[in-house]
Amino acid sequence: MVLAATMTAPEIAWGALTPLLILLGGTCLLLLLGTLVPRWPRVATPTLTIVTALAAGTAACVQWNNLYYRKGYSIVADAISIDRFSVLITIIITVAVALGALLASAHHDDANGDPLENYALLLTSAIGAVVMGSANDLIVLFLGLEILSLSLYLMAASDRRREESQESGLKYFILGGFASAFLLYGVALVYGATASTNINGIAEALTERIAVGGSDAMLLVGIGLMLVGLGFKVSAAPFQIWTPDVYEGAPTSVTSYMASAAKVAAFAALLRIFIVGLESRVDDWRPVIWVLAVLSIFVGSTMAVVQTNVKRMLAYSSISHAGFILVGVEAAAHMEGNGLAASATYLAIYTMMVMGSFAILIAVAGKNDTATTLDAFKGLAKRRPALALAFSTLLFAQAGVPFTSGFVAKFGVIKAAVEVDSYGISIAAMVGAVIGAFLYLRIVVSMWMEEPETQEPLEIPTVVSVVIGISVAFTLVIGFFPSILLDAIELVRFAPL
Amino acid sequence: MELFVFVVAAAMVLGGALGVITRSNPVHAALSLVLTLFGIAVMFVSHDAQFLAAVQVIVYAGAIVVLFLFVIMLLGVDRTEDVNIEPITVQRPLALIVSAGVIGIVIAAVVTSRDLLGRKVGGLDETTLGSPDANIRQVAREIFGNNVFAFELTSVLLLVAVIGTVLMARRVKSGGAGK
Amino acid sequence: MSSLLAVDPLLEGGLFWTPLFIVLIKVLVVFVVGLVATMLMVWFERKVIAGMQNRVGPNKAGPWGLLQTLADGTKLFFKEDLIPERADRLVFRLAPYLVLAPAFLAFAIIPLGGDFRDGKGGIVTLFGHETRLQLADPPVGVLFALAISAIAVYGIMLAGWSSGSKYPLLGSVRASAQMVSYEAALGLSLAAVLLVSGTLSTAGIVDLQSSVGNWNIVATGFVPFFIFMIAATAELNRPPFDLVEAEQELVGGFNTEYSSIRFALFFLAEFMNTITMSALIVTLFFGGPQPISIGNTTLDIPLLPNALEGTVWLLLKVLVFLYIYVWFRATLPRFRYDQLMDLGWRILIPASLGWFMLLAAQRVGRDAGWDQAVVTLSTAIVLIVGYVLLQLAYKVSRANREKDGASF
Amino acid sequence: MLSTLIQSAGAATEKTAVAFPILSALILVPLLGAVLVTLLSNRRPEYVKFTALIVSAGTGAMSLWMLAKFDSHEAGFQFVSQHEWIRAWGISWHLGVDGISLFLVVLTGILFPLVIVGVDPHHDEKRYLGWILLLEAGVMGSFLSLDLFLFFIFFEIVLVPMYFLIGGWGYDKRIYAATKFFLYTMFGSAFMLVGIIATAVLAQRDLGYITFDLVKIAEEATFGTNTARWLFLSFAIAFAVKVPIFPLHTWLPDAHTQAPTGGSIILAGVLLKMGTYGFLRFGLYLFPAAAVWAKPVILTLATIGIIYGAIAATMQTDLKRLVAYSSVAHLGFIVLGTFAITSQSLTGSVMQMINHGVSTGALFLLVGMIYERRHTRVIAELKGIQSVAPIFAAAFMVVMLSSVGVPGLNGFVGEFLILIGSFETARWWTIIAATGVILAALYLLWAYQRVFHGEPDEANSTFKELTLREGSLLMVFIGLIVFTGLFPKPMLNRIEPSVDKLVKHVELHSDYKAPVHKGGHSPATDTAHEGGE
Amino acid sequence: MLSVIQPTSSWYLILAAVLFGIGAFGVMVRRNPLVMFMCIELMLNAVNLTFVTLATALSNINGQVVVVFVMVVAAAEVVVGLGIIVAIMRRRNGITADDLSALKG
């Protein structure tokens, strides 16, 4: 009867949850004000979203500094880990949210206004993503994943004018639900093998088991199924089938966010589960990551080359980026070396790159997302040279040309891989990068070396140029002075068990 | 007795599941789904998970499938899908291979890991099982104890669902774009 | 294994022939009682309404027309059974049973009698075995009721859909929306009861309501009862919430295409449901089979053994509610559909939620040793603020919709 | 701005010779120039060209100044400048110049202003000049870097402006050619990147700290035999593509033919040298044992390249393509010299790098002039130009003879040293390669005959004579050709010590022994020393 | 009493695996999004059954708690998914996944 007397509620470290609480508070405030204030000015919604995201990011930065004096720790009955890794992921995601909000505000249509719900979903998805980045329990992780995914399905379907948008939302939804089921089944089998859903608990149980012996079959199948589920979420080949369609159909502002934050969160989850929880079975799952990485790089690069739609190209290129991050994961799986830091660096850089690239897509394609074919980019250098230059910079960054952040990212993962003697994967990755470069060149060629199809002036909304500016500046600054990022990310660690 | 329950419930579960994937009429499929859900609920009961059994019926049968049916009826999309048309030739064999593979692998894993299943790791208080509310109390204690964070997260999840329905239900004025 | 059954002391120690026999008897009794009660209920309703409308009502078949229902049923039974051409035959045949089954199932958890005095907990001795006078007392009893009420919607939905006809379909779509909507309010007011009693077992809930002061209607502060009552009426699709079969709009609603015995089954289920729901209300809020006792004085019916006396008390209490339902039907006009939804979503759900939170806050305050008055007051203030915000939001959204020129 | 920079540089050197970071300036000045040019207004195109010229000329002046200050007795790196850049990866901004890279830097410094002055891009001049200056920065960086990472990024970044130059200002199939060029080179670099990282990482296991510093790794780290071979191979692929060595050469004729004249000159003049330079600096120096191991294969490929290039050149109908194939042959010589690993052959290789840059650059310039006038490069359509434009023909003759390797002109010195040097350690290859000299004479002279001799037909009768500007431009090239051919000693003096050091390094780190003459010195070395003393 | 053979945990787990497989198969071959969606529910139910069985086998209540969360997730998913489906179908009547032709890879 007296429930409270017989149970001990875990202590909740509210301070450590600040970024999450800010995001949640922002969401509620947004929804409340939106429903209560009759004449809610249009700029207020994105502004509030951005302020919330930046506030959460600032809180995360404060946490980052605090972690200087303290090792990572876990809170709320081990459900959440606060460590350098989770805080970094939080920061990346808040930045992505802020930029995503900027893009979204440029992307609305005039007839239907700028629905408040889009921004609320942006914030809730950030909650999910942050939770995924810091979850120390597979169930919490799964809930975070679902919060993120559901928000994204809706965001993908949110452009009600275009049927493609809703179709992409539906497609994403069904395949995403399919993947979630696999992930969850994997969690169930791992739970069966270890009697725990807590990542630390799993790690401990498995370490004990090594001494005891016994069949690992259930565990391994569970790991496999989880990999399938997470592979879907990070869109690694061969689980990438949904990516191009969904990326193409979704509103571009959403695609940019989807390509960045969702992938970051899924990789964060992947890294934590496998590196922390399944460390003792690393020899069993590492080869699978190897295969996924190489497949992703090659499938992403080669399929991208035959596309005619820039949005689809970028979608495929995001698959090959996923492959590169998996190279980092594979390196991180060797426990010594810098795989973790390299993957984290790649994620941070990739986020900024991809945001900028899609921002340019928005600038070119306009509010209606109509002109995303390669033809629309023909002769862009003649119409808007600065825009073409910015896009070229970002594309070269994606290709991994020196003095751009993309090079730093690729160099980092390759270095991490080489450090642990994974030469095969490094060479495969680099060869894949060359194939990928061909794709980026195609776009560059049509921008600079072909004649424009129209001479219509291209209106670029200010917010979009801001995003492009930030992205390009980041790309170049990190390209020239990588130490700014590397010295910080070098400190990325998981909380000790 | 337990065997009897298992056999009946398993028949319900599998029969329902096969119904879902074979019936061409979505309403029939939904009804088959209900059959499966009840079978699962029975199995929950035989695992002393009465709370889950009740929630299973309330949430799945009472809300989820009702919503399905509601949507089917509201939109009038109950037209029969011709299950004999195969869109891509390799799709079905491929799907069969994949799902049979999953089943086979998991079964193999389960069978070889039988030794793991017997071990009692604790956490389930079996001494109180006799009292009427034992299961519910334990589940509650666990949810509001160690899993309180996850519980709070579900509120965010539901918030997303609410926002989503509002967004999707909003009528749109054509902005000129699109087809 | 299954402690779904093991809670009843009867079933402890495995199944043997005597307990099995007792269970079978119980099932039989509950089923027969249900059928007979339904028959009587139909007669009762017709009679009462007739009285209210200054008519005589059925008075030919049997004494006071008591056998009229039997006559009607016999007639329906021998009518030709029609299945519309466009009907989905399988589902069309299945639907009546889907409506009927939950009505009887829910009855299984109602304590039908037994001695709850002196801490006996309603346990009686039958053939040398201790047992309760109820078919089953699952540990999740109330949730079971909720689950049953949740699946009750299937029959109506499918009946309307499978008819392959427009009006039944509309009726069933309405029905499902209505029932799903009101289930939320129903569940929330139920939660208030659970909060107060701290158990899900119906026997346990009855056991705690030993005197009128302890009745849950008092302990939960009346509001949940009224909400439950209204929501239950809506769940039953009874007037004034009988939009499902609004004759003026939908011909006969979801069962338009049904005839003969299938139609009778719908009819049977509807009245059975009313009885079950009344019994549930009594169980949850009015002490079930407990005799009325105020303070230390207990109204004891002489001559009857305590166990049987419980049954009498239950009957009396249920009769009151049956009368109320008939009374509703005779006096209240039917709601319009939007009014129905507004009532459910804008009033009942927020009210039951708010009240639930108030009760919860009080309990938290009590456990933590806070001043009850302060807790209540501050919670009330929070709730009022919430209510004001809610109203404001309604206003804003209405204004926005009108500005956009929406038609609804 | 620039002039003050140079002045201050001059002022600084009077006090301390190393105070002014001349090498950093060589990279940064064109880089900043590129940015400056891009930012200039479109409305005053003449300022754009002027600015670009000033910047490149300033860079050239600085390189000459560096040449003047270069200490010819010092074998090691001079003007070294080292700053920490990426701490986490042990990467520093480490620049230095020695006898091997010295003249390549000077060549780069001279060639770029000449290209800017002499070649007209026809359209989008601002962007063109921006890319050219960026290219100059990249090339300078490649030759000056003493850090593996730094070298790689310059090596890579060069692709971008070159890609745009070919793709933006080239001829009909420019985009195909540009893409082919980009992908080929990037493909090679892919392996090199893995190799570079592996080198640093493996060196880390040996040294205990991570560093990409070339000198540190080369001097201090040791690799296992097999490891070193793999690493060498990864570098070799990149350089082989860049040089290009047969059979990775197929991008070169396309790129050369389709590139605009300026691009071709730079491509032939300095870009290809990045490959041969890379073999010296990052092949021989870094992995001496592995280089010795790989010697037979590479020598074979180089020889095949020489013969193949010559034969292919013979069969070309397009004058520019012919010159391009001749490049394949010439570069084969350079590689031959490099992997023969004697003091003479290496010196010859370095010499030949410069010579090839000058003479092939000039050849491309001339072919460009022909195209300007005739809008065709097809040999069959050109006829009898000698009679219409004798000065032009004379200039062409001189440059061509230099390319053939006629004594008295620069080509002879390099080729001769290579052949002499190689003969001892790679006899049979050298003999076969020597036939390449004869073939070169054959196809070049034959081409000359077809283009310049005979009676001009109608289209060629109006062929314009050299203008003053073109003439003065060519004078610089011819001056260099003749000067080097007659007085190679100043150059050899500066090259020799570094090359000797390299040979010693190879001997020290492998079981290879260079042949010994006259007390350990080759004739060239002797003369160099005499000159020095 | 009624039978000597008692179903062990493995039986339930195998049943769950089969159910999961059937669901996965359904998602892959069916073309009506609503039915595909139902198949996903089948898969989730298989997972739930696995969790509950394991909770009993391991005598660890956590497995049951997980199922509560999974059910919440399923409910939220349904709301969102049906929302999207309704939004599409309001534009046109009746779709199968094949009709989603605007996005053919």
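Even glycines carry a Cβ here, placed using N, Cα and C.
Automated prediction, rather than curation, is the source of TrEMBL annotations.
The model shown is predicted, which means the values in this text are computed figures rather than measured ones.
Taken verbatim from TrEMBL:
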- C:20-44: transmembrane segment (TRANSMEM)
- C:90-110: transmembrane segment (TRANSMEM)
- C:140-161: transmembrane segment (TRANSMEM)
- C:182-206: transmembrane segment (TRANSMEM)
- C:212-232: transmembrane segment (TRANSMEM)
- C:263-287: transmembrane segment (TRANSMEM)
- C:307-328: transmembrane segment (TRANSMEM)
- C:340-361: transmembrane segment (TRANSMEM)
- C:373-394: transmembrane segment (TRANSMEM)
For the transmembrane segment (C:340-361), which stretch among C:20-44, C:90-110, C:182-206, C:263-287, C:373-394 has the most Cβ pairs under 8 A?
C:182-206
Is the transmembrane segment (C:20-44) in contact with the transmembrane segment (C:182-206), using three or more Cβ pairs under 8 angstroms as the rule and ignoring pairs under 6 apart in sequence?
no
Before we move on, state whether the transmembrane segment (C:263-287) and the transmembrane segment (C:373-394) share at least 3 Cβ pairs under 8 Å, counting only pairs 6 or more apart in sequence.
no
Leading contact stretch, C:90-110, C:307-328, C:373-394 vs the transmembrane segment (C:20-44) - CB distance under 8 Å:
C:90-110
Long-range Cβ neighbours of the transmembrane segment (C:307-328) (under 8 Å; 6 or more residues past either end):
41, 44-45, 48-49, 52, 110-116, 122, 124, 133, 233, 236, 238-240, 274-275, 278-279, 281-282, 286-292, 300-301
Surrounding residues of the transmembrane segment (C:212-232) on its own chain - C-beta under 8 Å, 6+ positions past either end:
182-183, 185-186, 188-190, 192-193, 195-197, 205, 277, 280-281, 284-287, 292-295, 343-344, 348, 351-352, 355-356, 359
